[in-house]
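Chemist: Got a structure for you, questions after.
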Amino acid sequence: MGMLNLVLTNISRKPATRLYPFEIREPFKEFKGRIVFDPENCILCGLCQKKCPPDAITVTKADKTWELNLFRCIMCTECVNGCPKGCLSISNERAKTGAKEVIKIAVPIVDKPKAPKAAPSK
Amino acid sequence: MTTVIPFGPQHPVLPEPVSLKLEIDDDVVVGVLPSLGYVHRGLETFINTKDFNQTTYVCERICGICSALHGITYTRTVEKLFDTEIPERAQYIRVIVGELNRLHSHLLWLGLFADGFGFESLFYECWKYREEVLDVAERICGNRVIHSISKVGGVTRDLTKEHIDMLLKMCDSLETEIKNIEKVFVNNYTVKQRLVGLATLSKQVAYEVGTAGPTLRGSGNAIDVRETPDWDIYKDLGFKTAVEKDGDCYARTKVRITELLNSLTIIRNAISKMPEGEIEVRVKGFPTGEAIMRTEQPRGEVIYYVKGNGTKKLERLKVRTPTFANIPSLLLMLPGVKLADVPIVVLTIDPCVSCTER
Ligand code: SF4
Ligand code: SF4
């Protein structure tokens, strides 16, 4: 008897599902969608690489590049919390399917002139 | 004369690969030989390459359904190793997320179970309700299934006022919905005809072979880790262990439905009791020694053992999962059951094979 009631109420209800590719639900604002990297402030310290559990990030000091392997990233946000310069953030947009596997971003780090050595005290 | 029939590892009813060799006499099972090992991933050895913070994420991937509770148990074990006390608010958040986990696991199971005895519309109904829980979990933790809320020393995200309103709203709507499907599972003629008196496990036998979780409680043993001093935060959250006496498939189903309602009570009480304050503490140093901790998962009691050796990596991690404990009782339940009922009986222990093999 219980099931008949459920079936009758479901007939008069609007569908529980969405016509997916045509109707896309807005992502929730708390959703962890993908990692966004802002190369401006990065100092290539490599902390994010050290913290990342599945080794998705590679920081190469020699070529000044920051690399993220999208297929490896598990959206744990350890790198976001660990970055001292705040150049990593998380966006609630879903990563597009068929995205490139690796994003490689050049970091425009300027070689600062070395600070002159302090004069030896007498 | 007996015939041997293979059941699994791939079977329409089984969500995960477990292979049983059934010895059949006429139409009745007389003997069972299980074989496991299809999804072994070597996670317990893999943690030797990760530090103890990163291991949390490895542990969460032991099982997709009870992921948050695996993470919570692991962090609680490591906190015991560190001898750290985490803030009370973090403990309450863990309880709330853990109960969300239990809600969606049990609703998933009820759906699969209904599908197992051929009640498709009930299957869709259960999974529709599960979706509400997943949406709430997505908003609280950022992910739908792998919640990643727990970390060594606390939790990663705080609950805002908005989240709490949403949780309370979900509790209200789920309560009426669960009561609706409870009527179907408990009173429906077809369901009763299939389940009552099927694969009975007596109280004494269930206790002796070390059964865990709803299977144990369905046989009349009121044993639940949430009531023991091991997880004492639950003691004033006003829930009463769900127990049924009969020990058959029908009793185990009823236990799970009662646990759904219990979880809603726990979430409501946890929200009302949750204090303001910090959500994490910093843990320092590298631990030595051993620690062991247990937690009640949707499927039963899970036990974690860790051993630290003074470096940032753990020397050993050992997990004993509830399905592993339930397999001996499954082997005792199956003889005497008709071949057509085997899928239902296998499903009543809620097998989670990727947990068992890691
Ligand atoms: S992204 Fe942040 S943590 Fe990573 S190298 Fe750059 S500054 Fe360091
Ligand atoms: S979110 Fe986690 S897995 Fe992804 S890049 Fe950052 S640390 Fe690595």
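Any Cβ shown, glycine's included, is placed from N, Cα and C.
Worth saying up front: this structure is predicted, and the values here are computed from it rather than measured.
So TrEMBL says this about it:
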- B:E44, B:V319: Mg(2+) binding site (BINDING)
- B:C63, B:C66, B:C352: Ni(2+) binding site (BINDING)
- B:C66, B:C355: Fe cation binding site (BINDING)
- B:118-282: domain 'NADH-quinone oxidoreductase subunit D' (DOMAIN)
- B:286-358: domain 'NADH-quinone oxidoreductase subunit D' (DOMAIN)
Chemist: Three-state secondary structure of B:C352 (Ni(2+) binding site) from DSSP?
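Modeler: Looking at the DSSP assignment, B:C352 (Ni(2+) binding site) belongs to neither helix nor strand, so coil.
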Chemist: Looking at the binding-site residues B:C63, B:C66, B:V319, whose Cα is closest in space to that of B:C355 (Fe cation binding site)?
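Modeler: Of all the candidates listed, B:C63 is nearest in space.
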Chemist: Can you check which residues sit near B:C63 (Ni(2+) binding site), meaning Cβ under 8 Å from its Cβ, same chain, 6 or more apart in sequence, and list them in order?
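Modeler: Counting only residues 6 or more apart in sequence, the Cβ neighbours of B:C63 (Ni(2+) binding site) under 8 Å are B:H70, B:T321, B:C352, B:S354, B:C355.
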Chemist: To test your reading of the Ni(2+) site: which residues beyond B:C63, B:C66, B:C352, same chain only, put their Cβ within 8 Å of the Cβ centroid of those residues?
Modeler: B:I62, B:G64, B:I65, B:S67, B:L69, B:H70, B:S105, B:Q297, B:P298, B:R299, B:T321, B:T323, B:S354, B:C355
Chemist: In terms of DSSP three-state secondary structure, what is the assignment for B:V319 (Mg(2+) binding site)?
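Modeler: Its secondary structure by DSSP: strand.
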Chemist: Tell me which residues of the chain lie with their Cβ under 8 angstroms from that of B:V319 (Mg(2+) binding site), as long as they are six or more apart in sequence?
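Modeler: For B:V319 (Mg(2+) binding site), the qualifying residues are B:E44, B:C59, B:I62, B:H70, B:V302, B:I303, B:Y304, B:Y305, B:C355, B:R358.
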Chemist: Could you find out if DSSP has B:E44 (Mg(2+) binding site) as helix, strand or coil?
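Modeler: DSSP assigns B:E44 (Mg(2+) binding site) to helix.
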Chemist: Can you check which residues sit near B:C66 (Ni(2+) binding site), meaning Cβ under 8 Å from its Cβ, same chain, 6 or more apart in sequence, and list them in order?
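Modeler: Listed in sequence order: B:N101, B:S105, B:Q297, B:P298, B:R299, B:V302, B:C352, B:C355.
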Chemist: Would you mind pulling the DSSP three-state label for B:C63 (Ni(2+) binding site)?
Modeler: coil
Chemist: Using a 10 Å cut-off on Cβ-Cβ distances across all protein chains shown, tell me which of the binding-site residues (B:C352, B:C355) has the largest neighbour count.
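Modeler: The residue with the densest Cβ neighbourhood is B:C352.
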Chemist: Near B:E44 (Mg(2+) binding site), how many other Cβ atoms are within 10 Å of its Cβ?
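Modeler: Taking all protein chains shown, B:E44 (Mg(2+) binding site) has 15 Cβ neighbours within 10 Å.
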Chemist: What average pLDDT is reported by the model for the domain 'NADH-quinone oxidoreductase subunit D' (B:118-282)?
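Modeler: Per the prediction, mean pLDDT sits at 85 for the domain 'NADH-quinone oxidoreductase subunit D' (B:118-282).
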